[in-house]
Amino acid sequence: MVYKTVVLFVILLFNMSYVIFASDPDPVQDFCIANTEPASHSSQCKNSSLATVEDFVFSGIKVPGKFGPTGLSGVSVNSNVFPGLNTLGMSFVRADFEVGGVNVPHFHPRATETAFVLEGKIYSGFVDTNNRIFAKVIEKGEVMVFPRGLLHFQMNVGDTPATILGSFDSQNPGSQRIPAAIFGSGIKDKLLEKAFGLSSKEISKLKKKLGSH
């Protein structure tokens, strides 16, 4: 009886671990093009008989998007803009960097990312949970992987603009940018002052400067 109980417990624990650590659920059909018709939201998927090749082609990353204050342009490609990705467990992003442009430290809670350099030279890396840094300059044709949930960053260290194509093993990887999370989320100044050893005036400056980064 005790043996059977232990076996059942191990099986249950394994199944729970699988649910916790698995990526997006496996699809149960060939594809499920996200239903974007307001009048037919009773079904998550577009009628498969109405699918065409255009449902599986996306042209929205031919050119860079709008550049932000850190010299980065990011164009996300997920099932919200590319319905053919729905339920396939993947998404990606085009990231363009001006000379000296930075993708600030951030992480994706639900996905591992691979970053492929299309053009340029990028100082790229991540930090593990022991605060070990793994970073180097990667160039055109090279790929770096950022394990799920780990802090990572990128900076264009070349003399010309750079472009990266990032791929995620989730259709909704999520993204939390550290400067904005710390200084733009409403955490009390007193806590930030103690955490960073800064004055109230210095914290206010950082909130104004980094709150939206």
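Even glycines carry a Cβ here, placed using N, Cα and C.
Under the heading signal peptide, TrEMBL lists 1-22.
Note on Cys32 (disulfide bond): other Cβ atoms within 10 Å of its Cβ, all shown chains, come to 20. According to TrEMBL, the disulfide bond annotation covers Cys32-Cys45.
Per TrEMBL, the feature domain 'Cupin type-1' maps to 59-204.
Note: Glu113 (oxalate binding site) has non-local neighbours Val145, Phe146, His152, Gly166, Ser167, Phe168, Pro173, i.e. same-chain residues 6+ apart with C-beta under 8 A of its own C-beta. Sequence annotations record features per position, and here TrEMBL assigns oxalate binding site to Asn103, His108, Glu113.
Marked as Mn(2+) binding site by TrEMBL: His106, His108, Glu113, His152.
Distance from the CA of His106 (Mn(2+) binding site) to the CA of Cys32 (disulfide bond) is 30 Å. A Cβ within 8 Å of the Cβ centre of His106, His108, Glu113, His152, the residues given for Mn(2+), is found for these other residues of the same chain: Phe107, Ala111, Phe126, Phe146, Leu150, Leu151, Gly166, Pro173, Ser175.
In this structure the C-alpha atoms belonging to Asn103 (oxalate binding site) and Cys45 (disulfide bond) are separated by 35 Å.
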